[in-house]
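Participant: Got a structure for you, questions after.
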């Protein structure tokens, strides 16, 4: 996690905008290269599906040297972290590591497959806002269409409760980040990172099992949605108003809406740890829901006792994109993350209101 922070260098063109107007930094590329190197050494036969590829870096006008400067910055950030058997890494080595997870790296077919899914930094917009942002590095292993292993790291996660206003950050008392791991059949577990990012507290902190919130009443539940969306974009807004202050009296016509400081996989950490009860995400028109934005969250919430589906109640289809395994489903509806009885109740309410 320290690598992520140090990879965001100041000055120059280190913060970029992709074709879809989403930001990307050298940290995104650097983390993808670093994890790609490690996975290739440990599991050389398992392909990687990841968010970035080097096409974007190579797309700059060669006359202004921007691409070379970026590649140099990424290579410098990665080189001292990779064990390459004594051989110095070249720029081409780093670009190949990034492209190992790119859209043209592997082609699947309709048969079941085993592969990694990586989001090098989910919540880049929040990452760029400052040290309080809840950006997440997420990695999942998919086997025959099901997520079997998941790991998420969120350096700025804290022990405090969520803020009651969108613009506020989390209370940083005892805030040393969180590492959440999950394995099918073995539960979801978490522990805090030490004040020295990347190291663990050995005596004061231990692995703790995570469980979703037990609330099964809609108006008593704690909801969260992406910062890019508002409550009126969710079908339930036709039935319930919203409040953002936990101290307000409970009202059966209003639900408690919690905000986090970036739209990242931290929402899955919130539900898996019981800090939030429900996560809603509405799919934008003509956009695609990407596998890396959800895969690791699926296993962490499921193993904590929760349930993930689209708004019709169907499980997310990780194999919907037969050749790339990069798209969960094309568009429409959205994602619902919660638990059993409450999940079914919310699907029923959504079905009645969402057309």
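Cβ atoms are placed via backbone N, Cα and C, with glycine included.
Heads up, TrEMBL stuff is auto-annotated, nobody curated it.
Annotations for this protein, taken from TrEMBL, read as follows:
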BINDING   51, 119, 121, 122, 293  Mg(2+) binding site
Participant: Specify the count of other C-beta atoms within 10 Å of the C-beta of residue 121 (Mg(2+) binding site).
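Facilitator: For residue 121 (Mg(2+) binding site), the count of other Cβ atoms within 10 Å is 26.
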Participant: Quick one: give me the count of other CB atoms within 10 A of the CB of residue 51 (Mg(2+) binding site).
Facilitator: 25
Participant: Give the residue from the binding-site residues 122, 293 that has the most other Cβ atoms within 10 Å of its Cβ, counting over every protein chain displayed.
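Facilitator: Answer returned by the neighbour count: 122.
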Participant: Which residues does residue 119 (Mg(2+) binding site) neighbour through Cβ under 8 Å, counting only same-chain ones at least six apart?
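Facilitator: Counting only residues 6 or more apart in sequence, the Cβ neighbours of residue 119 (Mg(2+) binding site) under 8 Å are 50, 51, 136, 137, 138, 139, 265, 292, 293, 296.
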